[in-house]
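Below you'll find the structure, written out as structure tokens, and then a few comments.
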Amino acid sequence: MEAKWCMLLTIALMLLLVNGDDETSVKPVVKIVKGKKVCQKGWECKRFSKFCCNETISDYFQTYQFENLFAKRNTPVAHAVGFWDYHSFIAAAAEHQPDGFGTTGGKLTSMKEVAAFLGHVGSKTSCGYGVATGGPLAWGLCYNKELSPDSLYCDEYYKLTYPCAPGAAYYGRGALPLYWNYNYGKAGEALKVDLLNHPEYIEQNATLAFQAAIWRWMTPVKKNQPSAHDVFVGNWKPTKNDTLAKRVPGFGSTMNILYGDSVCGQGDSDSMNNIVSHYQYYLDLMGVGREEAGPHEVLTCSEQLAFNPSSSSSTS
């Protein structure tokens, strides 16, 4: 009898899980605004937007895929065990999906953008190395902060706009690590969190850490420049000067925007190839395939001139 009840309970739990999965695919609420179709789609896409008419990230990127991408993040030797998880990423992404993050274009473009963003994240938070168990690309999200900072990263030039808080240190934290007081200040203003006075919040809250990274992905470094999102999904049209500088839409230009000439214009450097390898690896694991990454001039920035020279804050 006890075995029978256990079997019935197991079946009931399986039905609940299946039904729960069905409910995650929310049908969009549709309306027409100024002759254009806009949608709202539950908590993950709660603002009316044309992008909410498309599939949202949880429709095509599931928990098991996140676990595959970051397979070693919770091993005992990792440095942020128990910090990063799928739900924190989706909760953070929900704030930007109405703006097109992971919801621009068809399913293929959307999946590629998520792989591209997470490729940057994985490469910047990895503790993998050549003979690491599972391979060097399996160790993304190993860190959530810089372990041995040699500076407080306080730039007194910004003492009037983004003054450093007493005792605060602005070393690298997060999924795309933030450095310097002015970057914490700008991110905090955008996210409506006092990161200037409390930079430690980034290493205490995984959703906030992902939010700061996605904000950086979606936000141009300067006015009249594209964001990493824009150059990746095709919102950006290169000017004649961009063409002369060999800047083209694609993954390569996302590295240019995020890291400038610390990575780009250096030929096939190890730092650039490491980021590219994470992106290709994630495309494979997500079932897209690395062949969708594009040719060398689109995938890399080896020959690109920087949008902003290294003297600018773009490389921070």
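Cβ from N, Cα, C; glycine included.
All TrEMBL annotations are machine predictions without curation.
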Cys154 - recorded disulfide partner, TrEMBL, among Cys142, Cys164:
Cys164
Between Cys264 (disulfide bond) and Cys164 (disulfide bond), how far is it from one CA atom to the other, in Å?
30
So for Cys301 (disulfide bond), how many other CB atoms are inside 10 Å of its CB?
31
Return the average pLDDT for the domain 'Glycoside hydrolase family 19 catalytic' (65-291) as a whole number.
97
For a quick check of packing: other C-beta atoms within 10 Å of the C-beta of Cys164 (disulfide bond), how many?
23
Count, for each of the disulfide-bonded residues Cys154, Cys264, the other C-beta atoms lying within 10 angstroms of its own C-beta, and report the residue with the smallest count.
Cys154
